[in-house]
Amino acid sequence: MGTVFSRLFQSVLLVCPIKRVSIRLGSYGRCATQRYFQVLGNIHDIELNESLNSPQAIQALSFGQLSVILLWLAAYTFHIGWSGNFEAFIDNPLGVQPINHFVLDPHYSQYKVDTTIAALANHPIYHWLMTVGFTSNAQIYRFTLGLEITAAVMLVLSLAPSVGLLSMGGLEVVSWISICWAGHLVNFAPGAANLTNVVMEGPGSLGNLMNVLTFNGGIQLDTQALAVSDVAHHHVAIGIVGLWISALLRVSKYAWNFNTQSSYHLDLSLSLTVGGILTSLLAQQAYVYPALSYLPYDYLATTSLYVHHQYIGAFLATGGFVHGGIFLVRDYTLSNDLVGKLLATKATVISTLSWITLFLGFHATGLYMHNDAMAAFGVPQKQIIIEPVFAEFIQQVFFLGTPVYGLGSAAVSSTPTLSFLPIISGGDFLVHHAIALGLHTTVLVLIKGALDSQGSYLFPDKQSFGYGFACDGPGRGGTCDISTWDSFYLAFFWVNNTVAWFTYYFHWKVLSLWQSSTAVSDEDSLYLMGWFRDYLWQNCAALLSGYDSLGSNDLAVWAWAFLLAHLAWATGFMFLISWRGYWQELIDTVIYMHLKAQARFIGLAADVVTPVALSIVQARFIGLAHYVAGFILTYHAFVVGATS
């Protein structure tokens, strides 16, 4: 743990353009810019960075992370029991607004404390606690204690003797926990009593037992959520599939590893990619088939849950491609296996994806620009509106298949709070293809970066330069910005913007459904000005009037956060556009004046301060962090202001 904190402290110091000679330099040299570039370029070499020379030590890092996550969850649930209103919420889930915790900031007035407490509750934790059977704060405290004990167990598990045992045994443990959780839901969750009665009516009948574990419940009209039997069936299925996969892994001896040497980056790449896909699917399922009781009545929590999981899913999937590229650079030797065959056909893969993105880009943006021009020229009847025929056909298949799936009529009908199969329009057709453009472009950048990580027609010996490098000198023109790290850097902007597109679309769609104004959104989503005017600008109104010279309202804190996040987002562009040169001159000038005045700078003697500049990689990294964090926090405040 000390090594981890030491590395974290050094990384923080390395970001600063001022360094102290007394810092341990290692083999990276005296120049802070060079040292930071080397650390950043090798940050994924966990064996070197953390001085780890055994698989068990590397595996211990994962369990340490799980322990920290469990402790964070324990603190969260403790505060709900200590200063929340959970017991009042379960007595009247439709009339009581759940709160997070008290605000102890002395700068808040009592009025602002009261309004901010309610406004902060944009999460479904209360709904989950009620759905799984919690009925009192005392039970929440016991659950918190259980989380803390489990966190301690995670640290003990890091001492296991075999990584293979941890990997396969961990999958088995998760599978059995999933099956046991299904049993907990059937016996203790609200509404489970009728399920127990079904089994007890005919304990010797297999049919009665299967009735508990099928999709016969559907959406309940009172809670607007799936029946407990559906959720229990889901967890039983997950457990059985997990046990089956674990058995396959034991038999195959990790033969799925493409006959390559063991690679942590390959394992992590596959895990991140699958995890990203499942997380994105969960975002869709949480709205269409909500598993938490009364969640659809809470519009803000529903929207936040969707946006939260879409961002996590996109970032996990991006990380999967990144670690796949690191695997090819560091751990893979070209051979006639599955990976080698993929690399042999990379030109076909990259060119095909390129043509797809060009087709989507020209057609989707071209349609939007045409429709904007027609609306601006006063002839909106000349807009191109394409009927989503294929999507309508898919919806009809769902309706026809209702008896087969056994979902029940409530599952496929619109309600005041959710719509399983909403009516789609030409605007939906356009935005779906715009989202497809963003997704395919992101995948193109990531796949190209990974498949070209060992070498390309322009740069055949790229692998010898490592995962990240700046340029290979003027003698090899075009070798700048083509490392695998650079592809991740570019793709992260694309994936951030793509997630914004489909969260914008989801949010506007559900807002129009909740407000019964679908006709307006269907018409105005056909052109870009409609998106800006009727979604972004119109829904900013509540935040923009959060506080003024006459006072403030209950959204004032979020209006302030909206402004602050905008500033962080804009700061990102400053670093992205103005790289090494500007900061070099600025820092040199500042250091010169301090040395000339014989001043002490940040408590250090003048003779131990060396002026250095931000490298291109430094500025890109800092700019990307500001851009993404500012963008997400800006949208967070926007969702609260527009939905609440």
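From the backbone N, Cα and C atoms, a Cβ is placed for every residue, glycine too.
Marked as transmembrane segment by Swiss-Prot: 58-81 (among others).
Here Swiss-Prot flags 140-160 (among others) as transmembrane segment, drawing on sequence analysis. Panel annotation: around the transmembrane segment (140-160), residues 56, 59-60, 63-64, 66-68, 70-71, 73-74, 77-78, 80-81, 86, 129, 134, 166 of the same chain, lying at least six beyond its termini, place a Cβ under 8 Å from a Cβ of the stretch.
Sequence annotations record features per position, and here Swiss-Prot assigns transmembrane segment to 166-190 (among others).
Annotated transmembrane segment per Swiss-Prot: 231-249 (among others), in sequence order.
Outside the transmembrane segment (264-287) by six or more residues, the chain places 44, 46, 58, 257-258, 295, 302, 305-310, 312-324, 326-327, 330-332, 418, 506, 510 with a CB less than 8 A from a CB of the stretch. Summarising the annotation, Swiss-Prot assigns transmembrane segment to 264-287 (among others) and lists sequence analysis as the type of evidence.
Remote same-chain residues near the transmembrane segment (303-329) are listed as 44, 122-124, 263, 265-266, 268-284, 286-287, 295, 339, 343, 442-443, 446-447, 449-451, 453-454, 463, 466-467, 484, 487-488, 491-492, 495-496, 498-499, 502-503, 506-507, 510, 632, 635, 639, 643 (criterion: CB distance under 8 Å, separation of at least six residues from the stretch ends). Summarising the annotation, Swiss-Prot assigns transmembrane segment to 303-329 (among others) and lists sequence analysis as the type of evidence.
Per Swiss-Prot, the feature transmembrane segment maps to 348-370 (among others); the stated evidence is sequence analysis.
The transmembrane segment feature in Swiss-Prot is assigned to 429-447 (among others). For the transmembrane segment (429-447), same-chain residues at least 6 beyond its ends with a Cβ under 8 Å from one of its own Cβ atoms are 318, 321-322, 325, 349-350, 353-354, 356-357, 360-361, 363-365, 367-368, 386-388, 391, 487-488, 490-491, 494-495, 497-498, 501-502, 505, 525-526.
According to Swiss-Prot, the transmembrane segment annotation covers 487-508 (among others).
Per Swiss-Prot, the feature transmembrane segment maps to 555-577 (among others). The list of residues near the transmembrane segment (555-577) in space but at least 6 beyond its ends in sequence, with Cβ under 8 angstroms from a Cβ of it, reads 112, 116, 119, 542-547, 614, 619-620, 622-634, 636-638, 640-641, 644.
Per Swiss-Prot, the feature chlorophyll a B1 binding site maps to His566. Taking Cβ-Cβ distances under 8 Å and a sequence separation of 6 or more, the neighbours of His566 (chlorophyll a B1 binding site) in its chain are Gly630, Thr634.
DSSP assigns Met574 (chlorophyll a B3 binding site) to a helical segment in the three-state reduction. According to Swiss-Prot, the feature chlorophyll a B3 binding site maps to Met574, Tyr582.
The phylloquinone binding site annotation in Swiss-Prot covers Trp583, and the record cites similarity to another entry as its basis.
Per Swiss-Prot, the feature transmembrane segment maps to 621-641 (among others).
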| said: Below 8 Å Cβ to Cβ and six or more residues apart, same chain only. Which residues does that give for Met574 (chlorophyll a B3 binding site)? | reply: Gly623
| task | Sort out the residues at least 6 away from either end of the transmembrane segment (487-508), same chain, that have Cβ-Cβ distances under 8 Å to it, and list them. | result | 287, 303, 306-307, 310-311, 314-315, 317-318, 321-322, 325, 431, 434-435, 438-439, 441-442, 445-446, 448-450, 521, 525, 531, 535-536, 620, 624, 627-628, 631, 635, 639, 642-643
| said: Using Cβ atoms and a strict cutoff of less than 8 Å, what residues sit near the transmembrane segment (621-641) while being 6 or more residues removed from its termini? | reply: 15, 40, 119, 122, 300, 303-304, 307, 311, 489, 492-493, 496, 500, 503, 507, 536, 539-540, 542-543, 546, 555, 558-559, 561-562, 564-576, 614
| note | Lying 6 or more residues past either end of the transmembrane segment (166-190) yet within Cβ distance under 8 Å of it, the residues of that chain are 59, 130-133, 157, 160, 196, 212-213, 228-229, 231-236, 238-243, 245-246, 249-250, 293
